[in-house]
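Copied over from Swiss-Prot, here are the features:
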BINDING   12, 13, 14, 15, 16, 17, 38, 102, 103, 104, 126, 127, 128, 129  NAD(+) binding site
BINDING   39  NADP(+) binding site
ACT_SITE  159  active site, proton donor/acceptor
BINDING   160, 169, 170  (S)-2,3,4,5-tetrahydrodipicolinate binding site
ACT_SITE  163  active site, proton donor
């Protein structure tokens, strides 16, 4: 990217996260909203993106086709759903546009497609764009190295009633951070939502529990429990703006990377700690 001002496009512009992303872009120096996209047939198509997000008139009409606005942005921010994100990925790859991906729930094939595209374009792909959550992931790596071999590890997450995937991408990222520190594969040691006569807890496993209720933005706790004591590392989000601001920060950071697959820990230089 050669422009001093980074042009950002937002897909899913009319959703809760999309509106917050537009707000974050308008409040951040060095970036502008270049395009806003909604699904074909949406009643929001043609409306002004700024008025939609409550930031005032921006003179950017919401489009129903990302491929028609590729000349208007440098980086795409996508917090939609896996099938839509993969369609957007193909368009960005064809037009050499960077991507910030906050969509969760990808299967292995979807993750492989993202990895393959990163050979040609810059991608920041993260389960959570909160600075706090990514600090927590680093703390979990450290805690697991000290306590992980002898404690019972459980991850509990809670989100609003509208979230469609479980466990959350952040909960899985927490589990992966712990498992990797212990030299394990999360696929081999994860236990999801126990029910019925489960028998005693198996050593070396990582348990997951999920809550879906009300308007909870996002709460995650990792527990390292031993006999006589336990350590809990918790993050609670109270506003989606923390994710939106992190995504915009990632878009700015990507301006210095023509290709490659990164996560929020790269953006925050946490991998250097």
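Each Cβ is built from the backbone N, Cα and C atoms, and glycine gets one as well.
Because the structure is a prediction, the values reported are computed rather than measured.
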Quiz item: Using DSSP, would you call residue 159 (active site, proton donor/acceptor) helix, strand or coil?
Solution: strand
Exercise. Quick one: of the recorded positions 39, 159, 163, 169, which has its CA closest to the CA of residue 103 (NAD(+) binding site)?
Key: 169
Quiz item: Within 10 Å of the Cβ of residue 16 (NAD(+) binding site), how many other Cβ atoms are there?
Solution: 13
Quiz item: Given the binding-site residues 12, 14, 169, and counting only Cβ atoms in the protein chains shown, which has the most within 10 Å of its Cβ?
Solution: 12
Quiz prompt | Chain-internal residues near residue 170 ((S)-2,3,4,5-tetrahydrodipicolinate binding site), provided their CB is under 8 angstroms and they sit 6+ positions away | solution = 104, 127, 128, 133, 157, 218, 220
Quiz item: Using an 8 Å cut-off from the Cβ centroid of 160, 169, 170, can you name the remaining same-chain residues around the (S)-2,3,4,5-tetrahydrodipicolinate site, in sequence order?
Solution: 104, 127, 128, 157, 159, 163, 165, 168, 171, 218, 220
